[in-house]
Amino acid sequence: MTCPRPPSYDNATPVDQPKNSYKSGDHVAYRCQAHYQMDGPNVVECRDGIWIGTPTCKDLSCGSPPTVQNAFIPKQKLRYRHEETAHYECRHPFGLFGNAVVTCFSGNWTDPPECKESTGKCGRPPAIDNGDITTYPSSVYAPGSSVEYQCQAYYELEGNRRITCRDGQWSEPPKCLGKSFNVLVDTGKSV
């Protein structure tokens, strides 16, 4: 028994050119149009005169990025493709906190930044000899933000391990000093 031409599915097209006739056991593969992804099997089968299977194409695009107070997106679009990005800029005199770029992933946007009063913010925490901060460093820190330091092996921390951003300045960072070791030397002589 033969099947009629393969059916049409929303936002999907057959991979190969259609044939004049299809017999039982024939398969037709579909692919999704731009901005869509196949959700489930992409093949239909001719079986006893009817097509079995329903390829479904899921919309992965995003609408406009989230609105951020005191920010704008130059050349903003109404629709963005999967993995396409948008770039925020803060209005003067506000400062950017977070990543200025958001990305469309599977119909959802990554977290947008904030544009806040920029007075009192701090730059990168000061580097210390033989030590590092315990988190990935940011280029800008809001007032009240804090970071912690840790020393490398064989060094001891002296001072407060946590520093805080206040009025655009970091509090005093700790120091990492070499550990002292008591060494017993065996001279081979008995006392």
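Including glycine, each Cβ sits where the backbone N, Cα and C put it.
Listed features, source TrEMBL:
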- C3-C46: disulfide bond (DISULFID)
- C122-C165: disulfide bond (DISULFID)
- 1-59: domain 'Sushi' (DOMAIN)
- 60-117: domain 'Sushi' (DOMAIN)
- 120-178: domain 'Sushi' (DOMAIN)
- 1-22: region 'Disordered' (REGION)
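On the structure: features taken from TrEMBL.
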| residue | record | CB count, 10 Å |
| --- | --- | --- |
| C3 | disulfide bond | 21 |
| C46 | disulfide bond | 21 |
| C122 | disulfide bond | 22 |
| C165 | disulfide bond | 21 |
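When pLDDT is averaged over the domain 'Sushi' (120-178), the result is 91. With a cut-off of 8 Å between Cβ atoms, the residues of this chain six or more beyond the region 'Disordered' (1-22) that come close are 28-33, 36, 38, 42, 44, 46-51, 54-57, 59. According to DSSP, C46 (disulfide bond) sits within a strand segment. Counting in whole angstrom, C3 (disulfide bond) lies 70 from C122 (disulfide bond) by their C-alpha atoms.
You'll find the Cα of C122 (disulfide bond) roughly 66 Å from the Cα of C46 (disulfide bond).
Geometry remark: C165 (disulfide bond) versus C46 (disulfide bond), CA distance 68 Å. Sorting each residue of the domain 'Sushi' (1-59) by its DSSP state yields 0 helix, 28 strand, 31 coil. When secondary structure is read from DSSP and collapsed to three states, C122 (disulfide bond) falls in the strand class. Secondary structure from DSSP puts C165 (disulfide bond) in a beta strand.
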